């Protein structure tokens, strides 16, 4: 070793050792050289300084280069340097005693060889076996506060590549990582540098879960990079790039070739083991309850797995667990495949896969109970019984098969039930379980049919029910108000006498031919006029004849309609013939008489005095022309006493605002005569005479206002004081 270089590098190494390293990093350095790791930080630094003194005394260049790499954080490079260069270090502080010999008291000093970690041993997992390691452990140094990137490469061996291509489901390529400080001390736990890392294989992102349970190392799985690995052997190999940050300690990364096992394979391995017998478990239960100071009581055991909450199929537990409660093997393995915690779900103790056994007592209970049972009770003597408060779920083996009922809902006929009229009773199917309680009976399902319309009611009723049932249905439909007027008309009496004074008697023939012809017309007119209900004014009079009595179907029935008589002192309203009367089921032979009679009570317009004007109203009915001849005597007297307005004509010279566009004279107001005391010059003023107080005082207004004028129908004549113009 060059002494000049050694003395030049020594101050920087000592400064880095005393100020730039923490306890885990100091332990990594001591672990590389196989020194003791216990003690405080000062003791660890002192131990490393003693190592530097021995290296300088022995002039060991290889150990010095490895120590510098370890102090810089590259523990893997330091291990690789020491791999092919073994040196001997004699420690005076802690010599290693040789093993005692039975032949004599011979003693000797064994030289210490540094630990070279060319292969990392990870904790064994039941889901894979590590067959081959493709690269030496690559160190990922600590990185706090910044982002770091490291890269390395590896080659797949030809035998591994051949197996990988032939059976890719059974053979895979995994990337492992573990803290560097744990190397050389038993099985290493799987742990990535940081959850915020990115792994790239041949410039492709490897999607994996890098997180672990908080405070529980070894609860993550290695990254499966099989699909990203090149499928050929030799250079240039496969490039690995890791981006990470906030890593407080260094890690070692290695790529391995593994053989994987499925959950079915592991379950078969458990079944192949010897199970714990039922008798042995019962004996253990009795022994645990024999203590006189402890009063043992019954224990409720669930038949459901505490992990999947479903019924246990294969009850297993650890051989070291003493509880009766078991869990399902498949659910337990599936949970640990995702997150390898390997904790008992009942007592939270650590479990190894090799410790799992089948519980014979629990397996016997599962085979003896129905599939819908959930809990059992075990007494201190090992006897068990099914809990009676369990309410089993209805299964296909224990159930009733009721026959369906169809309920038809319609607007006119109410509710009618179409059910199977057979007297066959549903029979209970045979049950294969004898120990469980009987299953409940299912509720009978009712099917309601809402697709049947009013037009199909009569057809559905006649095809499915007997005449006696039809009578009951008709009686039920009387209480249901429905737009179907045929049903309502058929259930009413045919002789309807309305006591209203405004209708005149008519005779309507009730014949089968007329009923068939007027069924749709009567329903449409009655619904349109608002007579569907029984409370209408013409509801009783406009109903069709009943069809209940077949013997009296050809008889005639009378409906009394009274004519409205107008009052002589009130202007009568104009009434048009009702469409409901013409649309009734009246024969054609009587329909003419009915229409003629309806004209007699149809009134004319309001009575007005004759103004000698042309009648512009068109008369639609011929009977309105003779209306005035049918008036009563009082009506005529009242008509003659109405005063008539006298007619006037305007002289030819007074044209102006009193003449229309056709130059025809019309009635106008009379021309006032001139006042006797007004001056002539004021007559031409269009605004009227000016009022003068002195002249107005000379006028005798009492005589002017007391003048009597008489009028008669033939013309206009005035008497009394007259006005004369002043010429």
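The count begins at 1 with the first shown residue.
Even glycines carry a Cβ here, placed using N, Cα and C.
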Candidate annotated as phosphoserine in Swiss-Prot, where the set is 103, 395, 518, 628: 395
Candidate annotated as phosphoserine in Swiss-Prot, where the set is 396, 475, 703: 396
DSSP-derived helix, strand and coil totals, residue by residue, for the domain 'SAP' (18-52): 24 helix, 0 strand, 11 coil
For the zinc finger (290-371), residues assigned helix / strand / coil by DSSP: 22 helix, 18 strand, 42 coil
Other same-chain residues whose Cβ falls within 8 Å of the Cβ centroid of 321, 323, 344, 347, the recorded Zn(2+) site, in sequence order: 317, 318, 322, 325, 346, 348, 349
Overall pLDDT of the domain 'SAP' (18-52), taken as the mean: 85
Among 321, 344, 347, the one of these binding-site residues whose Cβ has the fewest neighbouring Cβ atoms within 10 Å: 347
Residue 323 (Zn(2+) binding site): tally of other CB atoms within 10 A of its CB: 13
